[in-house]
Every structure is written in structure tokens, then in C-alpha cells.
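Summarising the annotation, TrEMBL assigns transmembrane segment to 7-27. According to TrEMBL, the feature disulfide bond maps to C43-C119, C76-C81, C125-C327, C204-C238. Under the heading site 'Transition state stabilizer', TrEMBL lists R70. What TrEMBL records for H74 is active site, proton acceptor. The Ca(2+) 1 binding site annotation in TrEMBL covers D75, V78, G80, D82, S84, E93. Residues or ranges marked as heme b binding site in TrEMBL: H197. Marked as Ca(2+) 2 binding site by TrEMBL: T198, D251, T254, D259.
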Amino acid sequence: METKPVIVSLSANLFNFLILVMFLFAASPSCADLSFNFYAVSCPAAEFMVKNTVRSASSSDPTIPGKLLRLLFHDCFVEGCDASVLVQGNGTERSDPANASLGGFSVIDSAKKVLEVFCPGTVSCADILALAARDAVEITGGPALQILTGRRDGRVSEAANVRPNIVDTSFTMNEMIKIFSSKGLSLEDLVTLSGAHTIGSAHCSAFSDRFQEDSKGKFTLVDTSLDTTYADELMKKCPADSSPSITVNNDPQTSFVFDNQYYQNLIAHKGLFQSDSVLLDDNRTRNPVEGFAKDQVSFFRSWDQSFVKLTSIGVKTGEQGEIRQTCSVTNG
């Protein structure tokens, strides 16, 4: 008798997952060319090699997971999940000022070098980035999940495509909804994926719009939605004359742990960005924020589904794109 609810729960979770996969394939025909364990024959240890590289890098630098997760967002929202953000050069996505503070590139490059030794010309940089971000979440205490693989690398990387496609930290709710909706992501996805801010850090300029410099050259709080004590802490760490290199943890409580503390911070009016705080202030998103703040299991379950959707945005498969030899340069 005691096992029946468990069976029902597992069946429900499996059903929801199958519905999600069916939705992805229907929404984007190219997703149908992705599969689990895509490299099972061509490079069986591919996912292990990526995870091992991420784990090694994270053990020596705990900021790496947050950087990898942010790097994935900036890749997938521009040209789809095709590693176009990794390409170096004048006029590329990577050269745009909005991407100047991105990090984690060396981890992707390291994983690619290892894979090229054992499986040359086989594993795409796009898949490496998606897998690395997936692993970054698990390594920091978040849910472990399988993702589809088989992405190919894009040949187009233009700085002009960056600004119209990424969310700015000063965005209103309607502005964020417009961007997410254009990527096939729902309002629930928006709330869920914002939970990525439970790890990572930001430069002072990313939230300076919440303060105003007075005649004496000091910041004063102008955003009344921010907790005053938290605001004072931020102004001490980021005074008006602070160095552009100074960073602040997105989550002041559990900075290097992927958990639901981000949502608890929002409830306490301690969201670092304006785009964080509006999630609590807006009636359309307040309920899921409060729900995730109370129930980490619910957040993790929603993260699994939203992350799969994120990593399936605009993927290139089959004969599209290429498999780069080096992630920072398109093939000749």
C-alpha cells in the first residue's frame, strides 16, 4: 500500500517529462535531431570528460560554475545554443560590451582540447557549453539531469545581434517577458531560470541604477523596493568611485551553492538587480517566487524542465553549422 503513491508520483514526473520533450520537438523541428547520449558510439566518455574538466576548474576557482551558467544564457539567447558567443574577433558577440564581463571560456577550451585528443572532430563546442553549464549546477548542489545533445556550432557571430536579444538587469517585467517569449520560454520559465542568480557575481555597474550619486560624490538609495540594510552593504562594497573590477555575489547568503536562497532573498527585498526585484513586485510572478522560496524541491523540478527548454533554443543539427576544431574560431 505504501508504494502506490510513489509509483503515481514517478509516473506523473515521467509523463510531464515526456510532454516537455514532445513540446520541444514540436516547437523546433531541429530539436528532433537531438538525443540523449548522442555521443554514445562516437565518443562514449564525452560527458564524463566535460564534467571532470568543470569539476577540476571549480575546485580551484569556486566562481567558475556561475560563470559557465551565465555564459550559456548569453549564448542561447543570441543565435540559439550554437557556441557563437565563444568566437573571438572584432565584431563578434564576444566583443560586444554587454559580454565583456563573461567568463568561463578557458574551461570550455580545456574540455575541447581533451575531447579533440580522444575524439577529434566529434563533439561540438555548443554541446560542451550546454553540458558544462548543466554540470556547474550539479556540482554546486543543484539537481542532476540529463540533457539532449547533438548540437552543432554556428558559423555566425555578430555583435549587433547581442543587445536586442539579451535581458538587461534594469529591464521591466514586460521587457523581460518579450525577450523570453521570443525564445519560446514561458512566464514560469522566466521565474525559474532567474534562479540561476543563486550563484555567480556581478560588477557594480550592473545594479548602480538603483542608486543616485549626490553632490558629495556618494551614492544614495533611490530604489525603494530594496531593503535598506542590504542597500547600505552594497553601497559600501560599491561606492560611487569604486573600481570597475569590483564584483558582488548575486546571493549574499549562500554564494556558491545552487539552492532556493535566491527566492528567499527576493522575499526579503534583497534581490541584487532591478530585474530580480520585479519578480516579487509583479502580480504575474509573485506566487511562483513565494512558492520556490518555500519549496526547493519544487524549484529544482521546475529548473529541470526550464533548463532543457533553454538548452534547446535555436539549436543547429544535422547538416547545419559545423563542428569547430577550436571553440574560439570558426573552421576555415
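Using the three backbone atoms N, Cα and C, a Cβ is placed for every residue, glycine included.
This view paints the features noted in TrEMBL onto the structure.
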| residue | record | Cβ contacts under 8 Å, 6 or more apart |
| --- | --- | --- |
| C43 | disulfide bond | L115, F118, C119, T122, V123 |
| R70 | site 'Transition state stabilizer' | L102, G103, G104, A196, G200 |
| H74 | active site, proton acceptor | V85, E93, N99, L102, V162, I166 |
| V78 | Ca(2+) 1 binding site | S84, V85, E93, N161, V162, N165, I166 |
| D82 | Ca(2+) 1 binding site | D75, A126, R151, R152, D153, G154, G314, V315, K316, G321 |
| C125 | disulfide bond | A83, L86, I108, K112, D153, R324, C327 |
| T254 | Ca(2+) 2 binding site | T198, Q261 |
| D259 | Ca(2+) 2 binding site | G141, G142, T198, Q296 |
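Candidate recorded positions: C76, C81, C238, D251. Nearest to H197 (heme b binding site) by Cα distance: D251. Separation of the C-alpha atoms of C238 (disulfide bond) and D251 (Ca(2+) 2 binding site): 16 Å, rounded to the nearest whole number.
Sitting within 8 Å of the Cβ centre of D75, V78, G80, D82, S84, E93, and not among those site residues for Ca(2+) 1, are the Cβ atoms of H74, C76, F77, E79, C81, A83, V85, G154, S157, N161, G314. Looking only at the disulfide-bonded residues C76, C119, C238, the densest Cβ neighbourhood within 10 Å occurs at C76. Highest local Cβ density among the disulfide-bonded residues C81, C327 belongs to C81, counted as other Cβ atoms within 10 Å over all protein chains shown.
Around G80 (Ca(2+) 1 binding site), taking its Cβ as the centre, 21 other Cβ atoms fall within 10 Å, counting all chains.
Annotation for D251 (Ca(2+) 2 binding site): same-chain Cβ neighbours under 8 Å, separated by at least 6 residues, are H197, T198, I199, Q261, Y262, N265.
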